[in-house]
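Enquirer: Got a structure for you, written out below as structure tokens; questions coming shortly.
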Amino acid sequence: MQKGANNSYFGNIWEGITSSWQGLKLSFKHIWEARQRRTPIGITDPDYFKQETGIVTLTYPYESLPVPDNGRYRLHNEMEDCIVCDKCAEICPVSCIDIEAVKSTEEIRKTSDGHSVRLYAARFDIDMAKCCFCGLCTTVCPTECLTMTKTYDFSEFDIRDMIYHFSDLSPEQAVEKRQNYETLQTAKQQAKASTTNVQPTEEKTAEQTSTTPATAKPVMKKPAIKPVTKPVITDPTPSISEETPYVTEVTPEISQTIQEAAPQDTKAEETDQSEQAPAKPVMKKPVIKPMIKKKTDE
Ligand code: SF4
Ligand code: SF4
């Protein structure tokens, strides 16, 4: 059996009495201080840590501690400034924002910072039961219409009531706006189709008018080209056969003369060709006939 500090029977009794007195003293101290209560000030208040005495607990929900201005609690969307760009829904990590946009036939309004609103929000729901209060949706919002409020107590008995509807259109109005836009698109497509059909007709008419006799271009007849007959150039030089006396016998002297004359004639031909290109005189070679010796009667 464990014994007290005095390690005796009466020592243990004394230790029990003194320790009970210490506890009762502390309890009586708080009971005495409970005559006052602390002022519910926020943690950002400079006197927050100066309130060392008084009742800490608050009679919630009749009183509560103030929430800092940057507190991230329930979301709120100011639909007048929402341009239904869907950025908040895209960035939400838990996909608790559901947006259905309907195109407008004209500009709906201007936001407070000058953005043009051209989309209706047929549905803009935020499921706060899924929200993890990360605040990403508020940072990407271009018009800063989506904010996190300081309302932290929004519990519901039915979880379906945690879905907040921010749409500014009733279901009937959404159907009407959608039909208006579809009608406009159909009219635009018909107008476009009609213009594409009209253009070829106009072009055809223009072509037909251009072929009328008033604007017809005169046909230019091609000049008749007659074939050019080249003049026949006759050889002015007399033929050798005409002037050369008839040679009845080819002597060695004659054959030598012929051989010497042949290249000279060729050169003469080349010079003649260069000088008179169109007319080529034909040089007739001398006719050489074998000499026939007359037989003498024996
Ligand atoms: S605070 Fe975060 S979780 Fe909640 S809606 Fe915005 S993006 Fe989604
Ligand atoms: S990001 Fe802002 S402006 Fe865009 S749809 Fe969300 S709440 Fe509207």
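Cβ coordinates come from backbone N, Cα and C, glycine included.
Automatic, uncurated: that is what TrEMBL annotation is.
These came from TrEMBL, pasted as-is:
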type     : residues : note
COMPBIAS : 182-200  : compositional bias 'Polar residues'
COMPBIAS : 282-298  : compositional bias 'Basic residues'
DOMAIN   : 71-102   : domain '4Fe-4S ferredoxin-type'
DOMAIN   : 122-151  : domain '4Fe-4S ferredoxin-type'
REGION   : 182-219  : region 'Disordered'
REGION   : 252-298  : region 'Disordered'
Enquirer: Go through the chain and flag residues at least 6 beyond the ends of the domain '4Fe-4S ferredoxin-type' (122-151) whose CB is under 8 A from any CB in it; none is fine as an answer.
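Expert: Distant Cβ neighbours of the domain '4Fe-4S ferredoxin-type' (122-151) are 67-69, 71-85, 87-89, 91-102, 111-113, 115, 159, 162-167, 169, 171, 174, 177-178.
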Enquirer: Looking at the domain '4Fe-4S ferredoxin-type' (71-102) alone, can you tell me the average pLDDT?
Expert: 95
